[in-house]
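Asks: Handing you a structure now.
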């Protein structure tokens, strides 16, 4: 029983020690700022107090020693970072949190001809100046595009680098005076309003595309900070294809136009005849540039069936032309492109025969193998009578027609011109001109000449008869 009593007393002593240690640990946690703790606490933090050692039991009670209770775990957090030390667009903040140069945007993409405005806020320190410079560079060139062949050389480019504005002059008039130096016609102007230095381009073109740099300079001219704003331009082209009519036997022709594209050297163009590639030897290319730098490319193909491998030859009865297709790809930049494609089949005409003659007081015009949509007309627009003579035997689908009109009442020579109208303007003119002389001398001379011919004929006949009679007489009178 004595040993059981000693064990009970030991348990009671252990419980009392645990109760005594709990208040001391709670106080240590409450005095730790920001919830921090641990042996590596920052300056001004309090470490938790260790629990007191429990009192041993009296020898009389036979007390047993117990191990100390470990302190509860405490979370550790790093102090908050100083957000004033940041980098925005490469500009390091000052000690008071203000950056030297702050730009709203760093990249502008605009269409050629549009008005563009951009700028940066500049905060120089005492003794510092700032300026704005322009660098003409960074233009996109597609490696897949075709070379450009100019009918006329483009205008000479201005210097690649120019000063637009400098605060050292402390005058906006200075900026306005420098603007025409960069681009002719005062297309770029600079304004400084309360440290916001903005550039306005009235009509963005090839000479205003590039990099605009804001620079902060120290008193000795050394660059302290700089920021760049890039202006990239584009112009989506217009695409068109035309195929003028041709005469049978002539090369087929088509014209493809890619109008007002930009960047320069950003178009690839190919020709196909009935989906067979056309060799570049049968293609003529030319390029022109407008005042804004936009390009217009004109490509002309002249090809026969024999020039394109794979095309079937056409005989005289088959005037069908191949389908001529123009395909162009415009590269706006290194990742974006647009494809254009259109096909046309030129119309083939057979040459018509037009002739004028005079019959019994009428001028008669004959048109052979004429298209149904065409008609015969006189140059003086005189009233006429049209006759349809039937189909053209050589070329089915074509007609033979005739136009007759009375001769003029005017005395003297008169020209009569008959022309085939209603055909496309690209074809040659089919016409014929004959002259009829209605003067009295010209009219009577045929009668006189006829009488002379008759009299001469009678005289010759009489002479022949006399000779024959003489020969017969002498033959009969012979011995």
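For all residues, glycine too, the Cβ spot is worked out from N, Cα and C.
From Swiss-Prot, for reference:
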| type | residues | note |
| --- | --- | --- |
| CARBOHYD | 40 | N-linked glycosylation site |
| COMPBIAS | 48-57 | compositional bias 'Pro residues' |
| CARBOHYD | 84 | N-linked glycosylation site |
| REGION | 95-101 | region 'HDB2' |
| DISULFID | 103-120 | disulfide bond |
| REGION | 135-140 | region 'HDB3' |
| CARBOHYD | 169 | N-linked glycosylation site |
| CARBOHYD | 192 | N-linked glycosylation site |
| CARBOHYD | 220 | N-linked glycosylation site |
| CARBOHYD | 228 | N-linked glycosylation site |
| DISULFID | 256-326 | disulfide bond |
| CARBOHYD | 285 | N-linked glycosylation site |
| CARBOHYD | 302 | N-linked glycosylation site |
| DISULFID | 365-418 | disulfide bond |
| DISULFID | 369-392 | disulfide bond |
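A description of the local structural setting of each listed feature is requested, covering burial, neighbours and distances.
Replies: All protein chains shown were included, and the count of other CB atoms within 10 Å of the CB of residue 120 (disulfide bond) stands at 26.
All protein chains included, residue 192 (N-linked glycosylation site) registers 18 other Cβ atoms within 10 Å of its own Cβ.
The Cβ of residue 220 (N-linked glycosylation site) has 6 other Cβ atoms within 10 Å, all protein chains considered.
Using a 10 Å radius centred on the Cβ of residue 228 (N-linked glycosylation site) and all shown protein chains, the other Cβ atoms total 19.
Neighbour density for residue 256 (disulfide bond): within 10 A of its CB lie 27 other CB atoms from the protein chains shown.
Shown in sequence order, 146, 149, 269, 297, 298, 299, 300 are the residues of the chain, 6+ apart in sequence, with a C-beta less than 8 angstroms from the C-beta of residue 285 (N-linked glycosylation site).
The Cβ neighbour count for residue 302 (N-linked glycosylation site), using a 10 Å radius over every protein chain in view, is 15.
The local packing around residue 365 (disulfide bond), expressed as other Cβ atoms within 10 Å of its Cβ over all shown chains, amounts to 26.
The Cβ of residue 369 (disulfide bond) has 19 other Cβ atoms within 10 Å, all protein chains considered. According to DSSP, residue 369 (disulfide bond) sits within a strand segment.
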Asks: How many Å lie between the Cα of residue 103 (disulfide bond) and the Cα of residue 302 (N-linked glycosylation site)?
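Replies: So the alpha carbons of residue 103 (disulfide bond) and residue 302 (N-linked glycosylation site) sit roughly 54 Å from each other.
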Asks: Find, among the disulfide-bonded residues listed as 103, 418, the one whose Cβ has the highest number of other Cβ atoms within 10 Å in the structure shown.
Replies: 418
Asks: Please classify the secondary structure at residue 392 (disulfide bond) using three-state DSSP.
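Replies: In three-state terms, residue 392 (disulfide bond) counts as coil.
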Asks: Which whole-number mean pLDDT does the model give the region 'HDB3' (135-140)?
Replies: 72
Asks: In terms of DSSP three-state secondary structure, what is the assignment for residue 418 (disulfide bond)?
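Replies: SS state of residue 418 (disulfide bond) = strand.
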Asks: Between the disulfide-bonded residues 326, 392, where is the Cβ count within 10 Å the lowest?
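Replies: Comparing Cβ neighbours within 10 Å for the disulfide-bonded residues 326, 392, 392 has the fewest.
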Asks: Can you give me the Cα-Cα distance between residue 228 (N-linked glycosylation site) and residue 220 (N-linked glycosylation site) in Å, rounded to a whole number?
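Replies: With distance taken Cα to Cα, residue 220 (N-linked glycosylation site) is 22 Å from residue 228 (N-linked glycosylation site).
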Asks: Using residue 369 (disulfide bond) as the reference point, find which of the recorded positions 220, 326, 418 has the shortest Cα-to-Cα distance to it.
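Replies: Nearest listed residue in space: 418.
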